[in-house]
Every structure is written in structure tokens, then in C-alpha cells.
Amino acid sequence: MISSIKPVSPSLTAIAGVRRSIPAKLQFSPLPIIGNFQKPNPFPKKPLLSSQSLSNFTFVAAHQRRSDVFRVGAYEADRSRPIKIGVEVPEEQSGQKVKIGIYFATWWALNVVFNIYNKKVLNAFPYPWLTSTLSLACGSLMMLVSWVTGLAEAPKTDLDFWKTLFPVALAHTIGHVAATVSMSKVAVSFTHIIKSSEPAFSVLVSSLFLGEAFPLPVYLSLLPIIGGCALAAVTELNFNMIGFMGAMISNLAFVFRNIFSKKGMKGKSVSGMNYYACLSMMSLLIVTPFAIAVEGPQMWAAGWQNAVSQIGPNFVWWVVAQSVFYHLYNQVSYMSLDQISPLTFSVGNTMKRISVIVASIIIFQNPIKPVNALGAAIAILGTFIYSQAKQSGS
């Protein structure tokens, strides 16, 4: 029994010890985007011949292992170095900012041009119902031509789409006509100062009809809006009750338009451009019979002849310009909603009113008191604070 046990070779014992002390391939991934860190097999391809070679190999392997640890640790400490990956995030973000900037600049410029030409037309041709109808008709015609010629892809709609669109179009029609009536009676700057109080109407309607509750900062932000508008209205040199009420009704109507739009258009795959085109067409159908009943073709014919005799052929260009730019600025605003957040849109809308107020004062040289300007500034600042508070509380 004893003689059958074979002695173990000392060299094999040494080899086994060396194999247990030498780790397998080192695999370590400090970041998910970095592949496994592999080192070549530390075993030499030639056979081990002596104990001296084994001891030298053990020393080299230990040194190599310490070197690996040092290199990995150094990379972990230097994470601030840029890592080249497949997605260029900074370039995409900068491109998006440029795109939003272009949207905003186009939106503001078109809105300023529309308000200027709209006021010129209303000064020479004080028929806001026809002026509003022409604006909607021009936009509807432009989009129909775009769909027929293939310049824009026609939307795929059904009967349910038009049913949900009807209350939106009704509110849009009322708001559009009321704002035009306001601008026919008072200065453009005054109309936009009063229209900056739209957030107050939004909170009021949402609280009374939808049962929504808002954080305290949102309610507090309404104080400078209401106070600033009241100060501007009291100190307005050319105050007119019809103009004031038109702006107020426009605010209320556009708040209902936004509510109906949010509730009715959920899940609809219609782009912002086509959505506003459909909205214009339905609004045109709604406003046309009322425009005929309120003003009528006889008043339009007499007023048109009088305007052309006073202004000349440029009056026709004014009418075309205000109609085209009305559709374009609204279309760009709806298109921008597909690219930016509601908070960014609210800030942009606030800045739009500032640009319109300043441009109208410069062009039409409307007299304005310092107190009136202070009221306008307070109201617009309150609108900005409201957008920030509402976004923080949502």
C-alpha cells in the first residue's frame, strides 16, 4: 500500500503554486462605454524549463499586475477627459438652440409686421369683421393651394377630428374678432398691454370650470399682472371702452380655445401647421355669416372706395399684407409648439408682446405717459413671473 503511492515532483508543486498566484485575464470596465480591458496572456509560449525561470516569471507577472492596477486607477481619476462616442450631443444641442432661435425671431418679426399693417388697414377701413374674415380666408386659401400642389402634406382627418375642432374654432373666432375690434378703437400697444393679462383669465377659468388648484406663487404672480394692466388702462390717453372690452373678451376666448384644444386634440397625429390650417378653415365658416350680418357688403363697398381714394393702391397691399402675415405668424407659433416646451413658449409669447408694443409706439408715435409705461412693464413682468411659477409648481 505504501509502495503504491508515488512521490510528487517538487517542480510540479512549484508550478501549481505559480498558477494559483497568477490571475487569469484581467477584465475590467470602468465605464459602460469602454470595452473590456484585456491584457495578453502573461504565460510565455515556450515551456517552463527550470525553477529559476519560474521565479523570474512570478516576479514579472506580479510587476505586470501592479502596472495594470496603476493604469486603471489613473484612467478612473481622469474622467474629465473628453470621450469620443458615436453621438455628438453638444452639436445636437447647439443645433436645437439655433432652430428655436430662428423660430422665435421669425415668430416675433411676423407678428410685428402683422400688427403694423393691421392697424394701418383699420385706420383707413374701420370694419374689423371683414378684416378678420379676410385674414382667415387668406390663410385657408394658402394652405389649400399648398396641399393641392404638394408643397405641404395634407392632413388625414375624420369626422371626429372636425367635431373636436369645432369648439376650438369657435373660441378662436371670437378671440380673433374681439382683438381686431379692440385694435380698431385703441392703440396697438394698449391692446397688447391688456392682452398680457391672459394668465389671470387662465387661472380663473381653470379654477372655476375645471376645478384646478394652483400653488400660492402662481396666485401671487397675478397681482402685478392685474395691477399693471389696471395702471396702464387708467393712464391711457386714448382710452376707449369698446377697445378695452374687446381685448378682455379676446383674453377669455383664447383661454377657452387653449382648454378645448388640450382636451380635444389628445392623441391626434396632426402637425402644428396643418392643425392651424384646419382651424382657420372652420373659423372662416363660422365668422363669414356673422360678418355679413353685422357689417354687410354695402358698408364694405363704401368703406373700400373711401380708403382707396384716400390711400391709393397701397391700401390693397396693406390688406394683402395683414392677411398673409396674420396666417404666417400664427402658423409659426403653432409649429414652434412641436419643438419647444410650454414654458419656453410662454416666455417667447411675453417677449413677443414687448416687441409689438415697442415697435407700434415707434412707428405710430403714440403718446405715452411714464406712468402708463410703468404699468405696461409691471404687467409684462408679472406675466413672466407667472410662467416661471406655473412651471415650477407643475
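Just so it is clear, glycine is given a Cβ too, placed from its N, Cα and C backbone atoms.
Those TrEMBL annotations? Automatic predictions, nothing curated.
Feature annotation from TrEMBL assigns domain 'Sugar phosphate transporter' to 99-387.
Look at TrEMBL and you will find 100-117 (among others) tagged as transmembrane segment.
Sequence-distant contacts of the transmembrane segment (129-149) (same chain, six or more residues past either end, CB-CB distance under 8 Å): 118, 121-122, 173, 176-177, 180, 184, 274, 276-277, 280-281, 283-284, 287-288, 290-291, 294-295, 300, 319-320, 322-324, 326-327, 330-331. Per TrEMBL, transmembrane segment is recorded for 129-149 (among others).
Through the fold, the transmembrane segment (169-188) approaches residues 115-116, 118-119, 122, 126, 128-129, 131-132, 135-136, 194-195, 236, 238-240, 242-247, 249-251, 253-254, 256-257, 260, 279, 282-283, 286-287, 356-357, 360, 364, 366 of its own chain, all at least 6 residues removed from its boundaries and within a Cβ separation under 8 Å. As annotated by TrEMBL, transmembrane segment applies to 169-188 (among others).
Residues or ranges marked as transmembrane segment by TrEMBL: 200-233 (among others). With a threshold of 8 Å between CB atoms, the same-chain residues lying at least 6 positions outside the transmembrane segment (200-233) that come near it are 190, 193-194, 239, 244, 251-252, 255-256, 258-259, 371-372, 374-383, 385-386, 388-390, 392-393.
The transmembrane segment annotation in TrEMBL covers 239-260 (among others).
The transmembrane segment annotation in TrEMBL covers 272-294 (among others).
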Intrachain residues whose Cβ lies under 8 Å of the transmembrane segment (239-260), provided they are six or more past its termini: 167-168, 171-172, 174-176, 178-186, 190-191, 194-195, 197-198, 201-202, 205-206, 209-210, 233
Average pLDDT across the domain 'Sugar phosphate transporter' (99-387), rounded to a whole number: 87
